[in-house]
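See structure below.
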């Protein structure tokens with residue numbers, strides 16, 4: 001329950017460049033979920049020029065992880081504002097502390113975790129290829145982000161694996177093939193045809 005509505009939450013995890021964003025777009029289109037990217041919410045907060053935004057900006061530039069409470073508050077506000085009750089939360093929880101804080105603060109446990117498994121070489125190639133002019137798309141920062149992902153996010157994946165809540169996707173395949181795997185997982189959430 002969140003703001004009086006029962007919600008379904010799916011955490012979407014995978015290293016930088018594993019194709020999470022692309023597949024989230026497909027899931028939204030086919031299964032009617034609302035996509036909440038922790039990164040986008042943080043970037044929007046930075047753009048707003050708020051005090052909170054300035055603090056977030058500094059931390060990201062230093063390659064640090066933003067405090068859980070900050071991100072959770074942004075996610076919660078977005079979920080409450082939304083008309084929807086099915087959410088993909090992308091790039092969060094980033095670590096065990098995020099995970100525990102999210103469940104404690106929101107009292108929501110995810111339906112499952114969608115994990116995009118992709119080799120580091122492949123992700124590096126994709127990130128350098130996309131170069132969307134994001135500050136964090138240079139080789140040093142990319143390698144730092146991989147290291148942070150492995151050290152921080154894998155324990156989250158292991159935690160949910162122990163609860164049988166991880167659905168792993170081979171994200172190194174071409175986009176359409178990856179989506180076939182995603183569709184099979186989301187079939188139970190397909191909108192009911194009236």
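Here the Cβ of each residue, glycine as well, is placed from N, Cα and C on the backbone.
In the structure as shown, the Cβ atom of residue 20 (ATP binding site) sits within 10 Å of 25 other Cβ atoms. TrEMBL lists 17, 18, 19, 20, 21, 22, 130, 173 with the feature ATP binding site.
Taking the Cβ of residue 43 (ribonucleoside 5'-phosphate binding site) as reference, no residue of its chain lies under 8 Å away while being at least six apart in sequence. Feature annotation from TrEMBL assigns ribonucleoside 5'-phosphate binding site to 43, 64, 65, 66, 91, 92, 93, 94, 134, 145.
Non-local neighbourhood of residue 98 (CMP binding site): 65, 68, 71, 72, 92, 156, each in the same chain, at least six residues away, with C-beta under 8 Å from its C-beta. The CMP binding site annotation in TrEMBL covers 98.
Taking only the Cα positions, the spacing between residue 91 (ribonucleoside 5'-phosphate binding site) and residue 22 (ATP binding site) is 13 angstrom. When the Cα atoms are compared, residue 17 (ATP binding site) and residue 93 (ribonucleoside 5'-phosphate binding site) turn out to be 17 Å apart. For the binding-site residues 21, 91, 93, the largest tally of other C-beta atoms within 10 A is found at 93.
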